[in-house]
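What follows is one structure encoded as structure tokens, with my remarks underneath.
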Amino acid sequence: MPISVRMPALGESVTEGTVTRWLKNEGDTVATDEPLLEVSTDKVDTEIPSPGAGVLSKIVAGEDAVVEVGGELAVISEAGESAPAQEAPAPAAEAPAPPQAPAAEAPAPPQASSAPAEPASGFTVTMPTLGESVTEGTITRWLKKEGDAVAVDEPLLEISTDKVDTEIPSPAAGVLQKILAGEDAVVEVGGDLAIIGSGAAPSAPAAPAPSASAPEPTPAPPAPPASAPEPAPAPLAQAPAAPAPAAPAPAAPAPAAPAPAAPPVAPAAAEQDETDDASPYVTPLVRKLAREHNVDLAAVVGSGIGGRIRKQDVLDAAENKNASAPAAPQAPAGAVPQTPAAPSSAPVPAPALAHLRGTTQKVNRIRQITAKKTRESLLSTAQLTQTFEVDVTKIAALRAKAKAGFQEREKVNLTFLPFFAKAVVEALKAHPNVNASFDEEAKEITYHDAEHLGIAVDTEQGLLSPVIHNAGDLSLAGLARGIADIAARARSGNLKPDELAGGTFTITNIGSQGALFDTPILVPPQAAMLGTGAIVRRPVVVKEDSGDEVIAIRSMVFLPLTYDHRLIDGADAGRFLTTIKHRLEDGAFEADLGL
């Protein structure tokens, strides 16, 4: 029976999408969850996966067509359900495919007929809901193989969305009997991922399953076997090609299996070096692992689709690095003392950026969204910036006095940011016209009844602005805990999608790298954003209680406020900043700090 591919719901307020590109042609064989086409909305660009395996028999909506949510995009026939295992010979492969091609991850349904008891006695793992606006996730890595025993809540796989990367725990204890969606597959919320059962019988077909994900990125490049001898350790991402022959000797404790496995993987590494110098998107989990094992990601050759670096690539690189350690002394002993001298004389690129020189990189998802939204922000709003200079000497003294006790009591560091946040949410309550949103089409202004405070966080993926909801109800200590929590989870990739939405005002700490001030770009529909510059001690003219003016060393900071002139006038912005200035310069936070 034909399968109808329809435009999915891509968000609460999204009613239609534009077909930007078809990734498959009519007559092509497609696997379940294989990317079928790309669509664009006013909020997001994404790929639409195939809801079933078969042959793309008809494209209903061509490129640039605008299709409503639920509208038909294409028709997939079920005749070639087994075809994804062997791309072209779809009809012929129908009968022999189940016994011959267990490596294909998409034709899992045909294989179910050989083991009908599995689904009946097993527990189906499905893609969980990852937020209001998230409708699908991409499997970046399976942490378990078919046949492996798993415990309740044990990490089972890693998934990635356009907003967050996370691990999916096992909902039940047992044996991972079948993986229904392989790595790099795009699965809708509620879609089946795997089957967990109590028996270990399916461990026999589990052996081919890992081989499905290993050759997956390397079907095309089996041609250049000449490069196999050198890149044999290359899949482990070791930069030193010359000492490579010496590495396998110490690496003898590793299983002998990698030797025969090298030919299919090595050509992939070789071809990637030739065809794609760009570094693909790396998940925060992988970056964190690389830091822990001191692995340079620039030297790692990814085994995922498009050269994506996976968790196992980093672990293999770390293992190979340790195995190659005896070869390191071969380098001249004098080279070790010379290397520290170089950085002192001239700046050198950070290890994570060193590989960028002379390359053209594919834009990662966060950067694409940032580029699109900032451009839209500048085009759709009337932005201008007003800056106040504020004396925070009293706050600096309070912070120094209370820092140790606060750390012991609240388990977080007491930075200047919670003071700024507290002053901001109080000012938003006093100036509701700043805590507002302008709807140009409806000709309406919405004055929000709560202060949902966004905090801009610099992460390895790019700039994120997680939101502390109902920040106006929090104490200074509560704000400090909230800021520390969302900043840490933003950098580790553990934010919930809903924590990246719903902000009514944002603070960005532009002084973290020493900048005095900047002109922040609004996050529509928010009407304003405050920047906090670097706090600098310098001489200023101050007036004493006696009325005399003297020169004193004070802790000074610039606070630039970018606002939307469509609903906030310059005088409104000035009054709002004046409220913040007085609150900070008065420094009356003793009660908040328990002093």
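Placement of Cβ uses the backbone N, Cα and C atoms for every residue, glycine included.
Bear in mind that TrEMBL entries carry predicted annotations, made automatically and left uncurated.
According to TrEMBL, the protein carries these features:
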type	residues	note
DOMAIN	2-77	domain 'Lipoyl-binding'
REGION	78-132	region 'Disordered'
COMPBIAS	78-95	compositional bias 'Low complexity'
COMPBIAS	102-121	compositional bias 'Low complexity'
DOMAIN	122-197	domain 'Lipoyl-binding'
REGION	200-278	region 'Disordered'
COMPBIAS	200-215	compositional bias 'Low complexity'
COMPBIAS	216-234	compositional bias 'Pro residues'
COMPBIAS	242-266	compositional bias 'Pro residues'
DOMAIN	281-318	domain 'Peripheral subunit-binding (PSBD)'
REGION	320-359	region 'Disordered'
COMPBIAS	320-347	compositional bias 'Low complexity'
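Confidence for the domain 'Lipoyl-binding' (2-77), expressed as mean pLDDT, is 84.
Note on the domain 'Lipoyl-binding' (2-77): DSSP counts are 0 helix, 39 strand, 37 coil.
Per-class residue totals from DSSP over the domain 'Lipoyl-binding' (122-197), listed helix then strand then coil: 0 helix, 39 strand, 37 coil.
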